[in-house]
Amino acid sequence: MFLPENGLILGTGGAQSLAALEEAITASETTLVTVALRRVDAAGPGLLPMLDRLGVRVLPNTAGCYTAGDAVKTAQMAREAFETDLIKLEVIGDERTLLPDGVELLRAAETLVADGFTVLPYTTDDPILARRLADAGCAAVMPAGSPIGSGLGISNPHHIELIRQMVDIPVVLDAGIGTASDAALAMELGCDAVLVASAITRSDDPAAMASAMRHAVAAGRLARAAGRIPRRFHALASTADEGIAAW
Amino acid sequence: MRLTINGQDRSRTESCTVAILVAELIAAQRGVAVAVNGTVVPRSTWADVDLADGDRVEVLTAAQGG
């Protein structure tokens, strides 16, 4: 299984420094961290050696790609660079929202699955598109809770629940998480994992937030397994009337 | 020989392989991938692939993001 046992995948974007990122990764206790691919002169040194030192697995992504063709090419470069078939497939459709382009995404996913990749597509919270991606042979779907870096949480929890019901592959809530309760909710809705970047790296104390996310994911997963009580319009007394005193 | 390396125009007097070019750009080899004219060049062939006049070379590595 490619997902971390503790259900928390870390993104690396937005960190103030490599040292702060390292502290956050350590505090998260994750075993899977996503990285982008950039030209060597722009990338800056030290990221990969740090990840190797921590013993975490690299999940390359195609961040910054706007077409299926660019994403496929980037994925092929990532496989060569990191010697892994894992790819977090991102095909962005719009600069302001950074939301996925479903048409290009599905096209890229089909190509990469046929080429032997283990494809984890960053997708919208559209249950039908999620099912199409699953049918195309993706190894997981990663629906956005809300736009990348927005911290708006899970805009449409019902859709995340629907996706959980409609696909048999892992569901990873990706993008939009703002704080720990959002991560807990994702797990309560039935997600198998969450991917968190900005909410940790841009917080005042990334290591502390990473720890909070780890606990939230664990709590949400436990709550999901325990089974929440049904919502009711009116109260349901938890204390029996029988034996009540008369004054 | 004129090359476009990561978007920058460069001229070289002598021919060179992908392996030589990568060594000039970055110390590490792990985590590095190369494409010439849009086609990925497998690491195992870097020492055998000669660059030609007009080639567009992309040399990529891990960066924070995503």
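Any Cβ shown, glycine's included, is placed from N, Cα and C.
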| Identity of the 1-deoxy-D-xylulose 5-phosphate-site residue among A:GLY137, A:GLY149, A:GLY227 (reference: A:ALA175, A:GLY176, A:ALA197, A:SER198, source: TrEMBL) | A:GLY149
| Of A:LYS88, A:GLY149, A:ALA175, A:ALA197, the recorded positions given in the record, which has the fewest other CB atoms within 10 A of its CB? | A:GLY149
| What is the separation, in Å, between the Cα atoms of A:GLY176 (1-deoxy-D-xylulose 5-phosphate binding site) and A:LYS88 (active site, schiff-base intermediate with DXP)? | 16
| message | Test of understanding: give the count of other CB atoms lying within 10 angstroms of the CB of A:GLY176 (1-deoxy-D-xylulose 5-phosphate binding site). | response | 24
| 1-deoxy-D-xylulose 5-phosphate site shell beyond A:GLY149, A:ALA175, A:GLY176, A:ALA197, A:SER198, criterion: Cβ within 8 Å of Cβ centroid | A:GLY11, A:PRO147, A:ILE148, A:SER150, A:GLY151, A:ILE177, A:VAL196, A:ALA199
